[in-house]
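First comes the structure, then the notes that go with it.
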Amino acid sequence: MMPPVRGTLTEGRILADLTWLRVGGPADWLFQPADEADLEQFLAALDPAVPVFPMGVGSNLIVRDGGLRAVVIRLGRGFNAIRIEGDRVIAGAAALDAHVARRAADAGRDLTFLRTIPGSIGGAVRMNAGCYGSYVADHLIEVRAVTREGRAVILPAAELGLAYRQSALPEGCVLTEATFRAEAGDPAELARRMEEQIARRDSSQPTRERSAGSTFRNPAGFSSTGRADDTHELKAWKLIDEAGMRGARRGGAQMSEMHSNFLINTGGATAADLEGLGEEVIKRVFQSSGIRLEWEIMRVGELPVNKE
């Protein structure tokens, strides 16, 4: 029995259309809260044994074909507000990264690194997303979240365990808002910089394809800068190329010809196709270089039940 809600609670909701790769089976339940109070009350009343999975806009996610045995929580319009207060940019977890970058720039605040990062602020914080040498951790002050027990809390950035493409958020914790510190900048110059970033991205990445962004993390321990905190200069795409996996296919899944660290759904791919191709890339790269790539895309859920 699910607790009463003011938002939307749907049983057996197929998740494929909520992910950028357009794959995935059903969640036991999908909850879209009306606001933070609705989220707090729901989690406080939900059986503690029921797993909870916070889901952003599905930009960095493979949901397996068997679906998710959990309550998936997806934030919407009640969580996408953006406001500027001095040098602080406060964004709801459902606000798109690109929208936050543009709003900040219009106000003369520099969060331009967010402009070409796919997805929403909640996911960007959870993954410590970064681009052009800048990461969420470089700007984040604090987050607001609701714990699995239904308590609203403020968590300083220092307590989030932010590292390369990861964080240490408590299990079942749902981010609702993030506060960033942003340096001042000229709005016209910031807009020009973002246009350059977009042009660079569109010329080198398959932005018109169904993808989830970078598939694998750049390997740790290989630095060309000498900085102790910048040890990911060996690029995953280069290792994939050297292993002969650019353009490799499995079913409807393909490693992009345009950028070999992008896994794309060419049409009709299953989650098994996508994940299977990714695992084959990991195997082939290890055979070629002795380096084991790590997934950057999150993979969740169950394999489909074999009915034979």
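Just so you know, glycine gets a Cβ as well, placed from its N, Cα and C.
Keep in mind the model is a prediction, meaning the values are calculated, not measured.
Feature annotation from Swiss-Prot assigns domain 'FAD-binding PCMH-type' to 22-185; the stated evidence is sequence analysis. Residues or ranges marked as active site by Swiss-Prot: R165, E296. The compositional bias 'Basic and acidic residues' annotation in Swiss-Prot covers 197-211. The annotation region 'Disordered' is assigned in Swiss-Prot to 197-228. Residues annotated as compositional bias 'Polar residues' in Swiss-Prot: 212-226. Feature annotation from Swiss-Prot assigns active site, proton donor to S214.
If you measure from the Cα atom of S214 (active site, proton donor) to that of E296 (active site), you get 7 Å. Secondary structure of the compositional bias 'Basic and acidic residues' (197-211) per DSSP (helix as H, G, I; strand as E, B; remaining residues coil): 8 helix, 2 strand, 5 coil.
Taking the Cα atom of each, R165 (active site) and E296 (active site) are about 7 angstrom apart. Note: E296 (active site) has non-local neighbours N60, M127, R165, G213, S214, T215, F216, R217, i.e. same-chain residues 6+ apart with C-beta under 8 A of its own C-beta. For the domain 'FAD-binding PCMH-type' (22-185), the model gives a mean pLDDT of 95.
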